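Working notes for the structure below.
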């Protein structure tokens, strides 16, 4: 009598154990995201309306994403406790599919905010380069639509390999777009730094360049790691665990950029004005013969309005100081 060999199943550690670790790291990043949102609205209540509404939207989407991931994890670890095979082969829970869908559009929306920022900066330097960002975003948006459809094709967790081509395309496009955005932002900030002769402002722009490069490399590395784990261990759920982390990493990188910009704009503006000119500008009128009269005209600096605190507005501040010094 021959016995039927039982099918080989992935280990518990490589499936739901990985999901648990990913959800734990995602919870930490979710807490950091909440803190960054509070800091942003406290420091920058009068920011550009696109940023204000986008941060609120990302907070809502990330909160929903975190709740969906927690619900899916509870279902597989608690409701399906003791039924490991059933948890893998039964229909995937709705919250798992929906959180994967939200992940796609959070990534696309964050890249879109970066693209808008680059588009505004690019108009002042080069008219052709912003089109590369536009093309990258169009491709990213298209892959987002593709993944939204493909997410609902697999019947369960062990049949995710049926959409492997779409997964390859999505992560490849995300990695490429992140690198393009990071390099373009560094280029524009470098060009802005080149026309500013104030050391403190140039130092802050250098910090923004480093932050943009690190953020782009971090998100690209995480996407690349997710793609690698899917290629190497396609029969596990390790790449799904990374999907728990990925959107929160994108949102935190964007918030870090916005909050750093706010702090740097305050410090650089105060330092530049303090070191360049005094609190009051004194003008000593001269007579037609070139002799200085006794009457002095004073212009208080308190009447000078602050300029917008984006990367291109930092350039404006440097220009204003240079003109006053001249």
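Yeah, the Cβs are placed from backbone N, Cα and C, and that goes for glycine too.
Within the listed segments 98-116, 269-287, TrEMBL records transmembrane segment for the stretch 98-116. Per TrEMBL, the listed range annotated as transmembrane segment is 128-149 (candidates: 128-149, 304-325). Beyond the ends of the transmembrane segment (50-78), by six or more residues, the same chain brings 16, 19-20, 23, 26-27, 30, 33-34, 37, 40-41, 44, 87, 93, 95-96, 98-99, 102-103, 105-106, 109-110, 113, 116, 244, 247-248, 251, 254-255, 258 to within a C-beta distance below 8 angstroms of the stretch. Same-chain residues lying 6+ beyond the ends of the transmembrane segment (128-149) with a Cβ under 8 Å from its Cβ atoms: 101, 104-105, 107-108, 111-112, 115, 118-119, 122, 166-167, 169-170, 173-174, 176-177, 180-181, 184, 187.
Within the same chain, residues 50-51, 54, 57-58, 61-62, 64-65, 68-69, 72, 133-134, 136-137, 140-141, 144, 147-148, 151, 170, 174, 177-178, 181, 185, 240, 243-244, 246-247, 250-251, 253-254 sit at least 6 positions outside the transmembrane segment (98-116) and bring their C-beta atoms closer than 8 Å to a C-beta of that stretch. Proximity of distant same-chain residues to the transmembrane segment (211-231), defined by a Cβ-Cβ separation under 8 Å and at least 6 residues beyond the stretch ends, is recorded for 164, 167-168, 171-172, 174-175, 178-179, 181-183, 185-186, 189, 238-239, 242-243, 245-246, 249-250, 253-254, 256-257, 260.
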